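J.: Next up is a structure, given as structure tokens.
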Amino acid sequence: MVFMYILSWLALILQVVFVTISIVAGLYYIAELVEEYTTAARRVILFMISFTIFVYTMFIFCDDLPWRMVIMGFVTQAFHLAIMGNFPFIKFLSIPFIGSVVCLILNHFLAFQYFTSFYYPFTQVLAYFTICLWLVPFALFVSLSANDNVLPTTINDRHVDQDVVSNYFSRSKKQGLLSLFNYLKDSVMPERSKKSF
């Protein structure tokens, strides 16, 4: 009996490790896709925002969700649309970004308050959180790495006096989700030596 108990905990730890590695690999792949296809990623995120607005509109007609939650959802999606105005350049200190973070926190507070007061099946609560609260912020989080590899434009106000080559060699290291994953890959995974025959 004790051996099976220890074995079950060991299996649980292994399962958590495998699920975590799978999620990280998936995020890495999605971040690579977003960097490669920035325009398509923009269209997908705009579709997600439109779909979330449609879901909140359907809540008005089909369910008895409080107006506070629905209005806060519309305000959040308005901030998300404002962020998409200059995608893939996302400024962390801009009003739309700060507003979307504040609205995300307020949305969670309102949702927890409502779903603890009224009974809904777990699948419905999870559906609300996944589609209405997490889908667009998660997509925007993954797309932060697209900022690093965009070609310079005339709007760029940094390094105006430098040419392309000196700008490339003098710029700071890439920052974003993809660089975090590359760092983790380099520090955690063992190095493989190339075999030559």
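Each Cβ is built from the backbone N, Cα and C atoms, and glycine gets one as well.
As annotated by TrEMBL, transmembrane segment applies to 6-31, 43-61, 67-85, 92-112, 118-142.
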J.: Using a Cβ cut-off under 8 Å, which residues of the same chain at least 6 positions beyond either end of the transmembrane segment (92-112) come close to it?
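T.: Cβ under 8 Å, 6 or more out: 66, 68-69, 72-73, 75-76, 79-80, 82-83, 85, 128-129, 132-133, 137, 140.
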J.: Determine whether the transmembrane segment (43-61) and the transmembrane segment (6-31) share at least three Cβ pairs under 8 Å, counting only pairs 6 or more apart in sequence.
T.: no
J.: I need to check the long-range neighbours of the transmembrane segment (118-142): which residues 6 or more away from its ends have a CB within less than 8 Å of a CB in the stretch?
T.: 27, 30-31, 34, 41, 44-45, 48-49, 51-52, 55-56, 73, 77, 80, 83, 90, 100, 104, 107-108, 111, 177
